[in-house]
Amino acid sequence: MPRPLSATIHTAALANNLAVVRKSAPKSKIWAVVKANAYGHGLARAFPGLRATDGFGLLDLEEAAKLRELGWAGPILLLEGFFRPTDIDVIDRYSLTTVVHCDEQMRMLEMARLSKPVNIQLKMNSGMNRLGYTPEKYRAAWERARAAAGIGQITLMTHFADADTPRGIGEQMETFERGAQGIAGARSLANSAATLWHPASHFDWVRPGIVLYGASPSGVATALDGVGLQPAMTLASEIIATQHVAEGQTVGYGSTYSARKSMRVGVVACGYADGYPRVAPEGTPVIVDGVRTRVVGRVSMDMLTVDLTPVQNAGVGTRVELWGAHLPIDDVAQACGTIGYELMCAVAPRVPVRAE
Ligand SMILES: *Cc1c(COP(=O)(O)O)cnc(C)c1O
């Protein structure tokens, strides 16, 4: 028997979330972002739920090839562009669209031998200071791209640092418009947060990632109240042992938890080697037999321990939901000082995943 831990991918939730995006940005086409193995959901498992998209955005050439093998004939966008001249052979073979964010990439494209022109998204650094041409150099880059025989359609692109924070996107939008002034062409700006909360940024293409998986761009589950998204992954396990712990006794490595009164503790088959964060503090939410309770004691490699006080009937074999349909991944992430993105991407290869 395998361990009772598994992740379930909810295909209908992915399709629902894509429809929510469609409704939020009705005039835009959608790049469904499936980088990092579809945010840990598995590219092949996520694909059926997301195939009503207009295009897929990702980083890895291997993932792009896999999408083609799955039968996806539509646009695929390389969100970081490419790294070596040989990558361009793959771009050409699979008809990929690529970001171009620097002169080194531009030069590689100019030198490449291609069977047909490559469509690009020309990236502007509008304030994030990660990738892209500065607004001052943007027009020259656009003219250079336009003159390159190997470059086809040019979409104007940038990425927001604060679409999910009070700072918002105003400054970056202004910077973008200044740099792109007078340049015709489709525009691609909005990530999930901008797709939900900043309609002025929608333009021709939106690039949502996290909302497709039913989690919050801001890391706060209540930010999604009323939006209609559904969690696309449930990570669930079972209790494999219980312990009666007397007042003053401790639980787990480092004896970090000390029972304030006599209690029962459940041992769950899920640990940090499965991707559950070791930093999860006492009180991190977890659902046992449908009841919300909390992690007590330190998360170890293969197990974690939970307070069974509110679930008197729980015993070996009782179902435990670590996050998912009944417990927002954002609530778990928040307790751990991170965001849902990190948790879903970190589900370990040893966890069996199935789609339903
Ligand atoms: C990851 C990524 C996105 C999607 O971001 P979310 O916050 O998950 O919506 C969009 N655009 C680019 C360039 C990205 O790298």
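Cβ coordinates are placed from backbone N, Cα and C, and glycine is handled just like the others.
The active site, proton acceptor annotation in TrEMBL covers Lys35 (among others). According to DSSP, Lys35 (active site, proton acceptor) sits within a helical segment.
Residue environment of Lys35 (active site, proton acceptor) contains 18 other Cβ atoms, counted within 10 Å of its Cβ in all protein chains. Residues annotated as N6-(pyridoxal phosphate)lysine in TrEMBL: Lys35.
According to TrEMBL, the feature substrate binding site maps to Arg130, Met301. Long-range Cβ neighbours of Arg130 (substrate binding site) (same chain, at least 6 residues apart, Cβ-Cβ under 8 Å): His159.
Look at TrEMBL and you will find 232-356 tagged as domain 'Alanine racemase C-terminal'.
Less than 8 angstroms from the CB of Tyr253 (active site, proton acceptor) sit Gly297, Arg298, Ser300, each of them six or more residues away in the same chain. When secondary structure is read from DSSP and collapsed to three states, Tyr253 (active site, proton acceptor) falls in the helix class. According to TrEMBL, the feature active site, proton acceptor maps to Tyr253 (among others).
Here the C-alpha separation of Met301 (substrate binding site) and Lys35 (active site, proton acceptor) works out to 27 Å.
Broken down with DSSP, the domain 'Alanine racemase C-terminal' (232-356) shows 19 helix, 46 strand, 60 coil. Restricting the average to the domain 'Alanine racemase C-terminal' (232-356) gives a pLDDT of 97.
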